[in-house]
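The active site feature in TrEMBL is assigned to Lys8, Asp133. TrEMBL lists 63-141 with the feature domain 'GHMP kinase N-terminal'. Feature annotation from TrEMBL assigns ATP binding site to Pro91, Val92, Thr93, Ala94, Gly95, Leu96, Ala97, Gly98, Gly99, Ser100, Ser101. Look at TrEMBL and you will find 196-272 tagged as domain 'GHMP kinase C-terminal'.
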Amino acid sequence: MEIKSYAKINISLDVTGKRRDGYHLLEMIMQSIELYDVININKREKGITVKCNLPYIPTDEKNLAYKAAKLFIDTYNIEEGVEIDIIKNIPVTAGLAGGSSNAAAVLKGMKAIFNINMSNSELSNLGLKIGADVPYCITGGTALCEGIGEKVTGLKPFKNHIVILVKPPFGVSTKEVYSKLDTGKIYRHPDTRAIISAMEADDIYTVSDLMKNVLENVTLKKHYIIKDIKRQMLNLGAVGAMMSGSGPTVFAFFEDILKAQKCYDFMKDKYKEVFISRTI
(Lines of atoms letter the chains of each structure in order from A and count residues from 1; the text may use other names and numbers.)
(Lines give C-alpha, C1' and ligand atoms only; values in the text may rest on other atoms or scores of the structure.)
Protein backbone atom coordinates (compact mmCIF):
# COMPACT_ATOMS: atom_id res chain seq x y z
CA MET A 1 0.00 0.00 0.00
CA GLU A 2 1.41 3.39 -1.03
CA ILE A 3 0.70 6.54 1.01
CA LYS A 4 1.85 10.11 0.48
CA SER A 5 3.30 11.67 3.63
CA TYR A 6 3.00 15.47 3.33
CA ALA A 7 5.21 18.16 4.87
CA LYS A 8 3.75 21.03 6.88
CA ILE A 9 4.64 24.66 7.46
CA ASN A 10 3.69 26.82 10.44
CA ILE A 11 1.90 29.96 9.32
CA SER A 12 1.85 30.95 12.99
CA LEU A 13 3.56 29.54 16.06
CA ASP A 14 2.93 30.96 19.52
CA VAL A 15 3.97 29.69 22.94
CA THR A 16 1.37 30.63 25.54
CA GLY A 17 2.76 28.92 28.64
CA LYS A 18 4.40 25.83 30.06
CA ARG A 19 2.95 22.74 31.72
CA ARG A 20 4.27 21.31 34.97
CA ASP A 21 5.77 18.39 33.07
CA GLY A 22 7.92 20.80 31.04
CA TYR A 23 5.93 20.72 27.80
CA HIS A 24 5.19 24.12 26.28
CA LEU A 25 1.60 25.16 25.56
CA LEU A 26 1.22 26.14 21.94
CA GLU A 27 -1.12 27.91 19.57
CA MET A 28 -0.16 27.15 15.98
CA ILE A 29 -1.64 27.41 12.53
CA MET A 30 -0.44 24.41 10.53
CA GLN A 31 -0.64 24.04 6.77
CA SER A 32 0.10 21.04 4.56
CA ILE A 33 2.09 21.58 1.37
CA GLU A 34 2.57 19.49 -1.79
CA LEU A 35 6.06 18.32 -0.79
CA TYR A 36 5.79 14.71 0.34
CA ASP A 37 7.60 11.47 1.18
CA VAL A 38 6.28 8.19 -0.21
CA ILE A 39 5.55 5.39 2.26
CA ASN A 40 5.03 1.84 1.02
CA ILE A 41 3.66 -0.47 3.71
CA ASN A 42 2.91 -4.16 3.30
CA LYS A 43 2.23 -7.13 5.55
CA ARG A 44 4.95 -9.65 6.32
CA GLU A 45 4.94 -12.80 8.41
CA LYS A 46 6.62 -11.41 11.52
CA GLY A 47 8.50 -8.37 12.77
CA ILE A 48 9.01 -4.84 11.46
CA THR A 49 11.48 -3.85 8.76
CA VAL A 50 12.11 -0.29 7.60
CA LYS A 51 14.05 0.69 4.47
CA CYS A 52 14.85 4.21 3.31
CA ASN A 53 16.44 5.73 0.20
CA LEU A 54 18.68 7.92 2.41
CA PRO A 55 21.48 5.99 4.15
CA TYR A 56 21.70 8.37 7.14
CA ILE A 57 18.06 7.84 8.17
CA PRO A 58 17.78 5.33 11.05
CA THR A 59 15.71 2.25 10.26
CA ASP A 60 15.38 0.91 13.81
CA GLU A 61 13.39 2.01 16.88
CA LYS A 62 14.75 5.57 16.47
CA ASN A 63 12.67 5.98 13.32
CA LEU A 64 9.18 7.38 14.00
CA ALA A 65 7.67 5.19 11.26
CA TYR A 66 9.08 2.12 13.04
CA LYS A 67 7.74 3.41 16.39
CA ALA A 68 4.30 3.90 14.83
CA ALA A 69 4.24 0.36 13.44
CA LYS A 70 5.34 -1.16 16.75
CA LEU A 71 2.80 0.88 18.72
CA PHE A 72 -0.01 -0.19 16.38
CA ILE A 73 0.97 -3.88 16.51
CA ASP A 74 1.27 -3.83 20.31
CA THR A 75 -1.99 -1.90 20.83
CA TYR A 76 -4.12 -4.18 18.66
CA ASN A 77 -2.27 -7.45 19.41
CA ILE A 78 -1.49 -8.02 15.75
CA GLU A 79 0.44 -11.23 15.14
CA GLU A 80 1.71 -10.38 11.66
CA GLY A 81 4.48 -7.90 10.89
CA VAL A 82 5.02 -5.13 8.34
CA GLU A 83 7.67 -3.97 5.92
CA ILE A 84 7.92 -0.22 5.42
CA ASP A 85 9.77 1.44 2.54
CA ILE A 86 10.32 5.20 2.85
CA ILE A 87 11.27 7.43 -0.07
CA LYS A 88 12.34 10.69 1.58
CA ASN A 89 11.87 14.01 -0.19
CA ILE A 90 11.12 16.15 2.89
CA PRO A 91 14.33 17.45 4.53
CA VAL A 92 15.08 16.00 7.97
CA THR A 93 15.41 17.98 11.25
CA ALA A 94 14.02 20.87 9.24
CA GLY A 95 10.87 22.11 11.02
CA LEU A 96 8.59 20.48 8.41
CA ALA A 97 7.33 17.51 10.49
CA GLY A 98 8.75 14.93 8.08
CA GLY A 99 9.18 12.26 10.77
CA SER A 100 5.79 12.94 12.34
CA SER A 101 4.15 12.82 8.92
CA ASN A 102 5.79 9.45 8.22
CA ALA A 103 4.49 8.11 11.55
CA ALA A 104 0.97 9.36 10.73
CA ALA A 105 1.12 7.73 7.29
CA VAL A 106 2.16 4.39 8.83
CA LEU A 107 -0.70 4.52 11.35
CA LYS A 108 -3.21 5.24 8.58
CA GLY A 109 -1.71 2.52 6.40
CA MET A 110 -1.81 -0.08 9.16
CA LYS A 111 -5.40 0.79 9.98
CA ALA A 112 -6.22 0.02 6.34
CA ILE A 113 -4.15 -3.11 5.72
CA PHE A 114 -5.19 -4.75 8.99
CA ASN A 115 -8.79 -3.55 8.59
CA ILE A 116 -9.04 -2.06 12.09
CA ASN A 117 -12.28 -0.19 12.72
CA MET A 118 -11.25 3.05 14.46
CA SER A 119 -12.00 6.75 14.15
CA ASN A 120 -9.51 9.48 13.24
CA SER A 121 -9.83 10.64 16.85
CA GLU A 122 -8.68 7.23 18.12
CA LEU A 123 -5.87 7.22 15.57
CA SER A 124 -4.82 10.71 16.71
CA ASN A 125 -4.74 9.63 20.36
CA LEU A 126 -2.47 6.77 19.35
CA GLY A 127 -0.30 9.16 17.33
CA LEU A 128 0.14 11.48 20.31
CA LYS A 129 2.10 8.71 22.04
CA ILE A 130 4.70 9.07 19.29
CA GLY A 131 4.86 12.86 19.05
CA ALA A 132 2.84 16.05 19.46
CA ASP A 133 2.75 16.80 15.69
CA VAL A 134 1.44 13.34 14.73
CA PRO A 135 -2.28 14.06 15.48
CA TYR A 136 -2.17 17.03 13.10
CA CYS A 137 -0.35 15.00 10.44
CA ILE A 138 -3.11 12.38 10.53
CA THR A 139 -5.68 14.93 9.35
CA GLY A 140 -3.39 17.46 7.61
CA GLY A 141 -4.70 20.41 5.63
CA THR A 142 -5.25 23.77 7.34
CA ALA A 143 -5.66 23.58 11.11
CA LEU A 144 -5.33 25.35 14.44
CA CYS A 145 -3.29 23.24 16.86
CA GLU A 146 -3.38 23.92 20.60
CA GLY A 147 -2.30 22.28 23.85
CA ILE A 148 1.09 20.72 23.12
CA GLY A 149 -0.08 20.50 19.52
CA GLU A 150 -2.52 17.63 19.94
CA LYS A 151 -5.77 19.64 19.99
CA VAL A 152 -6.47 19.96 16.27
CA THR A 153 -9.29 22.11 14.87
CA GLY A 154 -9.77 22.11 11.12
CA LEU A 155 -9.91 25.51 9.41
CA LYS A 156 -11.13 26.68 6.01
CA PRO A 157 -8.64 25.32 3.44
CA PHE A 158 -5.89 27.75 2.42
CA LYS A 159 -5.07 26.04 -0.86
CA ASN A 160 -2.97 26.64 -3.94
CA HIS A 161 -0.63 29.36 -2.65
CA ILE A 162 2.91 29.19 -4.04
CA VAL A 163 5.58 28.39 -1.45
CA ILE A 164 9.37 28.32 -1.82
CA LEU A 165 11.27 26.46 0.90
CA VAL A 166 14.98 26.77 1.67
CA LYS A 167 16.64 24.37 4.10
CA PRO A 168 20.15 25.50 5.18
CA PRO A 169 22.84 22.77 5.36
CA PHE A 170 22.31 21.89 9.02
CA GLY A 171 19.59 20.51 11.28
CA VAL A 172 18.03 21.96 14.41
CA SER A 173 16.99 20.10 17.54
CA THR A 174 13.41 20.99 18.48
CA LYS A 175 14.11 20.02 22.08
CA GLU A 176 17.12 22.35 22.24
CA VAL A 177 15.21 25.30 20.78
CA TYR A 178 12.36 24.95 23.29
CA SER A 179 14.85 24.56 26.15
CA LYS A 180 16.41 27.92 25.22
CA LEU A 181 13.08 29.74 24.87
CA ASP A 182 12.42 32.25 27.64
CA THR A 183 8.63 32.66 27.62
CA GLY A 184 8.98 35.83 29.70
CA LYS A 185 10.92 37.45 26.87
CA ILE A 186 8.39 36.95 24.09
CA TYR A 187 7.58 40.60 23.52
CA ARG A 188 5.31 40.19 20.51
CA HIS A 189 2.91 37.30 20.11
CA PRO A 190 1.16 36.51 16.81
CA ASP A 191 -2.48 37.55 16.48
CA THR A 192 -3.69 34.05 15.70
CA ARG A 193 -7.37 35.00 15.28
CA ALA A 194 -6.51 37.81 12.85
CA ILE A 195 -4.34 35.43 10.80
CA ILE A 196 -7.18 32.89 10.66
CA SER A 197 -9.58 35.63 9.47
CA ALA A 198 -7.13 36.65 6.73
CA MET A 199 -6.72 33.01 5.68
CA GLU A 200 -10.49 32.55 5.55
CA ALA A 201 -10.62 35.58 3.23
CA ASP A 202 -7.77 34.02 1.19
CA ASP A 203 -5.80 37.25 1.70
CA ILE A 204 -2.18 36.17 1.22
CA TYR A 205 -0.85 39.71 1.77
CA THR A 206 -2.43 40.16 5.21
CA VAL A 207 -1.47 36.60 6.17
CA SER A 208 2.13 37.36 5.17
CA ASP A 209 2.14 40.61 7.15
CA LEU A 210 0.74 38.98 10.30
CA MET A 211 2.45 35.57 10.34
CA LYS A 212 4.91 35.11 13.19
CA ASN A 213 6.94 32.34 14.82
CA VAL A 214 8.12 33.04 18.37
CA LEU A 215 10.81 30.35 18.06
CA GLU A 216 12.51 32.19 15.21
CA ASN A 217 14.55 34.53 17.40
CA VAL A 218 15.82 31.58 19.46
CA THR A 219 17.11 29.72 16.40
CA LEU A 220 18.44 32.97 14.88
CA LYS A 221 20.83 33.46 17.80
CA LYS A 222 22.73 30.35 16.73
CA HIS A 223 22.02 30.45 12.99
CA TYR A 224 21.93 34.03 11.69
CA ILE A 225 21.84 32.70 8.13
CA ILE A 226 18.07 32.27 8.56
CA LYS A 227 17.66 36.05 8.58
CA ASP A 228 19.80 36.32 5.43
CA ILE A 229 17.65 33.74 3.64
CA LYS A 230 14.45 35.60 4.61
CA ARG A 231 15.90 38.90 3.38
CA GLN A 232 17.02 37.41 0.06
CA MET A 233 13.61 35.83 -0.58
CA LEU A 234 11.77 39.06 0.21
CA ASN A 235 14.14 40.96 -2.10
CA LEU A 236 13.30 38.45 -4.83
CA GLY A 237 9.58 39.21 -4.63
CA ALA A 238 8.17 37.10 -1.80
CA VAL A 239 5.09 38.62 -0.16
CA GLY A 240 6.19 37.12 3.17
CA ALA A 241 8.90 34.86 4.58
CA MET A 242 9.27 33.04 7.91
CA MET A 243 11.01 30.12 9.61
CA SER A 244 8.87 26.99 9.97
CA GLY A 245 8.62 25.19 13.31
CA SER A 246 11.87 25.18 15.26
CA GLY A 247 13.73 25.62 11.98
CA PRO A 248 15.95 25.94 10.17
CA THR A 249 13.80 25.80 7.00
CA VAL A 250 12.56 29.17 5.77
CA PHE A 251 9.44 29.33 3.61
CA ALA A 252 8.15 32.22 1.53
CA PHE A 253 4.80 32.92 -0.11
CA PHE A 254 4.68 34.21 -3.68
CA GLU A 255 1.78 35.56 -5.73
CA ASP A 256 3.74 35.59 -8.99
CA ILE A 257 4.97 32.24 -10.36
CA LEU A 258 7.70 33.93 -12.42
CA LYS A 259 9.11 35.65 -9.32
CA ALA A 260 8.84 32.36 -7.46
CA GLN A 261 10.78 30.56 -10.19
CA LYS A 262 13.44 33.30 -10.19
CA CYS A 263 13.77 32.98 -6.40
CA TYR A 264 13.97 29.18 -6.66
CA ASP A 265 16.75 29.38 -9.27
CA PHE A 266 18.71 31.96 -7.25
CA MET A 267 18.45 30.03 -3.96
CA LYS A 268 19.17 26.69 -5.66
CA ASP A 269 22.58 28.06 -6.66
CA LYS A 270 23.33 28.69 -2.98
CA TYR A 271 21.62 25.81 -1.16
CA LYS A 272 21.15 22.12 -1.95
CA GLU A 273 17.66 21.71 -0.45
CA VAL A 274 15.34 24.20 -2.14
CA PHE A 275 11.77 23.37 -3.11
CA ILE A 276 8.93 25.02 -4.98
CA SER A 277 5.54 23.86 -3.72
CA ARG A 278 1.96 24.90 -2.99
CA THR A 279 -0.38 24.78 -0.04
CA ILE A 280 -2.96 21.98 -0.21
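Every residue, even glycine, has its Cβ placed from backbone N, Cα and C.
Those TrEMBL annotations? Automatic predictions, nothing curated.
Close to the recorded ATP site, the chain also has Ala7, Ile90, Gly245: residues not among Pro91, Val92, Thr93, Ala94, Gly95, Leu96, Ala97, Gly98, Gly99, Ser100, Ser101 whose Cβ is within 8 Å of the site's Cβ mean position.
Considering only the recorded positions Pro91, Thr93, Ala97, Gly99, Asp133, the residue whose Cα is spatially closest to the Cα of Lys8 (active site) is Ala97.
Asp133 (active site) and Gly95 (ATP binding site) are 11 Å apart (CA-CA, integer value). Thr93 (ATP binding site) sits 13 Å from Asp133 (active site), taking the C-alpha atoms as the reference points. Reported as a whole number, the C-alpha separation between Ser101 (ATP binding site) and Asp133 (active site) equals 8 Å. Cα-Cα distance from Ala97 (ATP binding site) to Asp133 (active site): 7 Å (rounded to the nearest whole number). DSSP assigns Ser101 (ATP binding site) to a helix in the three-state reduction. Applying DSSP to the domain 'GHMP kinase C-terminal' (196-272) sorts its residues as follows: 44 helix, 10 strand, 23 coil.
Neighbour count (other Cβ atoms within 10 Å of the Cβ, all protein chains): 29 for Ser101 (ATP binding site). Per-residue pLDDT, averaged along the domain 'GHMP kinase C-terminal' (196-272), amounts to 97 for this model.
A separation of roughly 9 Å, to the nearest angstrom, links the Cα atoms of Gly99 (ATP binding site) and Asp133 (active site). All protein chains included, Thr93 (ATP binding site) registers 17 other Cβ atoms within 10 Å of its own Cβ. Straight-line distance linking the Cα atoms of Pro91 (ATP binding site) and Asp133 (active site), rounded to a whole number, equals 16 Å. Cβ neighbour count for Asp133 (active site): 28 (other Cβ atoms within 10 Å of its Cβ, all protein chains included).
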